[in-house]
Amino acid sequence: MSSLNLETTSETPPRVPYSLQELPITTTAKKFPKKLTLVPLIFLIYFEVAGGPYGEEPAVQAAGTLYALLGFLIFPFIWSIPEALITAELSTAYPGNGGFVIWAERAFGPFCGSLMGSWKFLSGVINIAAFPVLCIDYMEKAVPALESGWPRKVAVLISTLLLSFLNYTGLTIVGYAAVLLGLVSLSPFIVMSLIAIPKIHPHRWISFGQKGVKKDWTLFFNTLFWNLNFWDNVSTLAGEVDAPRKTFPMALLVAVIFTCVSYLIPLFAVTGAVSVDQSLWESGFHATAAEMIAGKWLKYWIEVGAVLSAIGLYEAQLSSSAYQLLGMADLGFVPNFFAIRSKRFNTPWVGILLSTLITIGVSYMTFTDIISSANFLYSLGMLLEFASFIWLRKKLPGLKRPYRIPMRLPGLIVMCLVPSAFLVLIMAIATKTVYLVSGLMTVGAIGFYLFMNFCKTKRWFKFRSGEVIED
């Protein structure tokens, strides 16, 4: 297909409704070529999903060593790989900013596209708020004044603003920063795993857990789910990737392998080398284990790595949220000003600003139930994403798909049903508060869609028409 642009010429070319067009709009300015290449993209995906083995420890606490190891070995095949495959196929078929919003719109129309955008955006920015707080939680161990009161609030505010400014300086800088942060934050785990080898007792790997300790399957599955999730977030950056139809499948393949290995090697090393009470396997136990294996120096190194990992997670997920808004502006779901880019850095500064403001507001709240609600909304979005993928295969069998999952429709349905069943399970065990907050957010998302349509009729803001021009 010929290239697409947004400007008319003296000879007006035929306008093609967006729903009939193969590719979505991309608003990358011509003087800023797409520069997100393979290696930075791999590490951005890595930080969208994991950021290191920080947070895998509760799986051992919940179900014992053997189930934890089996979980991180098997779960990628029933969850991570299907989600990554779908992301690879649809991101190469529709390589524009907006990702999953485009997929839902193309499959089921503008209402579902807008609803998908609201669900994913809300869940994303609320999750982002946890990372500056995590940085301060680690820093307070060295600076006790940051434990509470105004020093803590100021520290959270300053860290959030600094991290957002780094994001504003450009996706290329963020991408290479992710490479550096990933290598540095993983390095202490490599050292710990090597030092642990002589101390490993393989029989510890087949432990079903301590006698008398009841298994917490809710904690176990939630730990697996949130440590191996969010593969589709990178799809909102597709319009910024160099040769996305070639780069995306390779980046996702390498990122899946890299992420799974980064979880498994430290888990095998620590569970084999350290024997402690199962209840001690809380988030952050890897740092304690490092001290037991090698000394305090390695514990401090892992704690520094945790801060760097939180920075990488913040940058990657803020990029996805900001570029999602840019993609939604391309599709006409939000006003044009969300597509405005910085003249100096070519970044969507309005999306970065809005995401940062919401993040700052949420970071001062006790938001356990709100984050659970955000995860609930993400699950709803994933169900819609699976449905969009299946329907697009059925609705548009002839669509050009540079990467195509080598399965027929019945096999794809089965592939999507397994993770969908897991999503339903996650939502079924949610609390009443989560149901209430998620319901209110969904009603708000529907109201937002209706309000945007009202704004279009009143012409209060400028919107893109949802059409593209074929050269």
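The backbone N, Cα and C atoms fix where each Cβ goes, and this holds for glycine too.
Remember, it's a predicted structure, so these values are computed and weren't measured experimentally.
Under the heading transmembrane segment, TrEMBL lists 36-55 (among others). Residues 80, 171-172, 174-176, 178-179, 181-182, 185-186, 189, 223, 226-231, 233-234, 237, 240-242, 247-248, 250-252, 254-255, 258-259, 262-263, 266-267, 283-284, 286, 305-306, 309-310, 312-313, 315-317, 319-320 of the same chain, all 6+ positions outside the transmembrane segment (36-55), place their C-beta atoms under 8 angstroms from a C-beta of that stretch.
Residues annotated as transmembrane segment in TrEMBL: 62-81 (among others).
The transmembrane segment annotation in TrEMBL covers 150-168 (among others).
Taken from TrEMBL, the feature transmembrane segment covers 174-197 (among others).
The feature transmembrane segment is assigned by TrEMBL to 250-276 (among others).
Taken from TrEMBL, the feature transmembrane segment covers 322-340 (among others).
The feature transmembrane segment is assigned by TrEMBL to 347-367 (among others).
The annotation transmembrane segment is assigned in TrEMBL to 373-392 (among others).
Within the chain carrying the transmembrane segment (412-430), a Cβ under 8 angstroms from the stretch's Cβ atoms is held by residues 78-79, 82-83, 85-86, 218, 221-222, 225, 372, 375-376, 379-380, 382-383, 386, 389-390, 393, 405, 438, all 6 or more beyond its ends. TrEMBL lists 412-430 (among others) with the feature transmembrane segment.
What TrEMBL lists as transmembrane segment is 436-455 (among others). Residues of the same chain lying 6 or more positions beyond the ends of the transmembrane segment (436-455) and with a Cβ under 8 Å from any Cβ of it are 110-111, 114-115, 118-119, 122, 333-335, 369-370, 373, 376-377, 380, 430, 461, 463.
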Most Cβ pairs under 8 Å with the transmembrane segment (62-81), selected from 150-168, 174-197, 250-276, 322-340, 347-367: 250-276
Distant-in-sequence neighbours of the transmembrane segment (174-197), which means Cβ under 8 A and at least six residues beyond its ends: 36-37, 39-41, 43-44, 46-47, 51-53, 166-167, 262, 265-266, 268-270, 272-274, 286, 289-290, 293-294, 298, 301-302, 304-306, 308-309, 311-312, 315-316, 319
